[in-house]
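Student: So that we are looking at the same thing, I have put the structure below in structure tokens.
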């Protein structure tokens, strides 16, 4: 996170909050299946298999499959846009993809396809992992915090041996943003149930538009992207 600009860090933290929000909605709607936390879904899949709960096993498997499909789709858009438009357009293309997927999810909810709406959110969350990439690798984890917390703990120790304090503060902030998003998502679901998808989609679209505007402005001014 240290080599990113403040605006980019704000975008990463906002996306982490989106991941937490989505996970809360999925968890509460499905009763124990996640839309972002694939380690949890893998455990749920295994336990359901042993217990003979085919329905829950299938649901967990669907979420894992769609998340993976989203990762593949996001990576493809990132690579294709880098090849065709240049690496500085790739993030914009992935953000547009993610905003489109969340918007379609909201439209599916509007026509009464609740199950499709939720599963498409998992696709969008998977694609979101390609927003921050460097040299083909995820440089900022925006949808999972296990590795982020490990990094925060390691960098905290490093700070006693000459490392920078910010090196552990930013990963910790990412984890806190995801948790905060999960709280907001849970509160929204308790009060308005799946209608909580609408403000979520609007927020993601706003992030995509804001990202585009800022980057175009920097491009016109000749500032680094």
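Backbone N, Cα and C define each Cβ position, glycine as well.
Not measured: the values here are computed from a predicted model.
Pulled from TrEMBL, these are the listed features:
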TRANSMEM  12-37  transmembrane segment
TRANSMEM  57-81  transmembrane segment
TRANSMEM  93-126  transmembrane segment
TRANSMEM  138-157  transmembrane segment
TRANSMEM  169-190  transmembrane segment
TRANSMEM  196-214  transmembrane segment
Student: Please give the sequence-distant neighbours of the transmembrane segment (57-81): residues at least 6 beyond its ends with Cβ less than 8 Å from one of its Cβ atoms.
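Tutor: Residues 26, 30, 33-36, 38, 41-42, 44-45, 48-49, 89-94, 97-98, 101, 119-120, 122-131, 133, 136.
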Student: I'm a bit unsure how to read this: which one of 12-37, 93-126, 138-157 has the highest number of Cβ pairs shorter than 8 Å with the transmembrane segment (196-214)?
Tutor: 93-126
Student: Counting CB pairs under 8 Å, which listed stretch among 12-37, 93-126, 138-157 touches the transmembrane segment (169-190) the most?
Tutor: 12-37
